[in-house]
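Trainee: First the structure, then my questions, so here it is.
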Amino acid sequence: MGKDVEAAEQGQFQAKDYQDPPPAPFIDPDELTKWSLYRAAIAEFIATLLFLYVTVLTVIGYSHQSDSNISKDPCNGVGILGIAWAFGGMIFILVYCTAGISGGHINPAVTFGLFLARKVSLVRAVLYMVAQCAGAICGCGLVKAFQSAYYVRYNGGANMLSDGYNKGTGLGAEIIGTFVLVYTVFSATDPKRSARDSHVPVLAPLPIGFAVFMVHLATIPITGTGINPARSFGAAVIFNHEKAWDDQWIFWVGPFIGAAIAAIYHQYVLRAGAIKALGSFRSNA
């Protein structure tokens, strides 16, 4: 009996063999002939549509409930905390639902970061981004259809730089916020951790959702929190007022810079990708 327990304990703490998966091809034309690519793009479209529908509807609903012209109670509605929960909670749900099909990106910045890390090909990355932006537009379109009375009054839930903040502050908030999100994505989905610890893939959507939640708490007062170019673009397209387009570049440039920094930090600093590549080069010389 004692030997059985000892053997079980040794097996429990023994690390599994691990090898880094090969990088995705930069361009893979063969992908265009596979149904799995289009199935994944459809999953990204639907997930982003649902994400925008629920979250923008939450923003508009809170704006209406807390409107001082309608209610004398400033605490009406879900508040900033509730909005942050809506965004983080929806990401948790949708990543959990779509991770096995498309990887659960639901964000062009996440797709861009994974592309830079050679986790997805250029073909897949571009198709995902198009699907995400189209899904965001459709999701915001549904919000406008169901909340036409309040949609324009409350700016369509569009991201805008808040009064009192300059463009540099807004850009910095988007860069750092997206870095937190994409860094969490890399850490939570690291295949090395999956090989060492079997519960990591199951829990991966949870830290990603919490990252979105925490970033929203910090940056809603500054930019309304973008960190997702599709979310900002879809809301701007449907709202289509000059105010929504004035600072739209912040919600693209900031997230893409933040995603690039996260990809470089995780792949080449934490995972020592550059050192591994140098060692491989020397061993082949």
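Even glycines carry a Cβ here, placed using N, Cα and C.
So TrEMBL lists these for the protein:
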TRANSMEM  41-62  transmembrane segment
TRANSMEM  82-104  transmembrane segment
TRANSMEM  125-150  transmembrane segment
TRANSMEM  170-188  transmembrane segment
TRANSMEM  200-222  transmembrane segment
TRANSMEM  249-270  transmembrane segment
Trainee: Test the contact criterion for the transmembrane segment (200-222) and the transmembrane segment (125-150): 3 or more CB pairs under 8 Å, pairs 6 or more apart in sequence, then answer yes or no.
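Mentor: Between the transmembrane segment (200-222) and the transmembrane segment (125-150), contact is absent.
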Trainee: Pairs of Cβ atoms less than 8 Å apart decide it: which stretch in 41-62, 170-188, 249-270 has the most with the transmembrane segment (125-150)?
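Mentor: Answer is 41-62, with the largest number of Cβ pairs below 8 Å.
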Trainee: Same chain only, please: residues at least 6 beyond the ends of the transmembrane segment (249-270) with a C-beta under 8 Å from a C-beta of the stretch. Say none if there are none.
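Mentor: Answer is 107-110, 112-114, 116-117, 159, 161, 167, 170-179, 181-183, 185-187, 190, 223, 226-229, 232-233.
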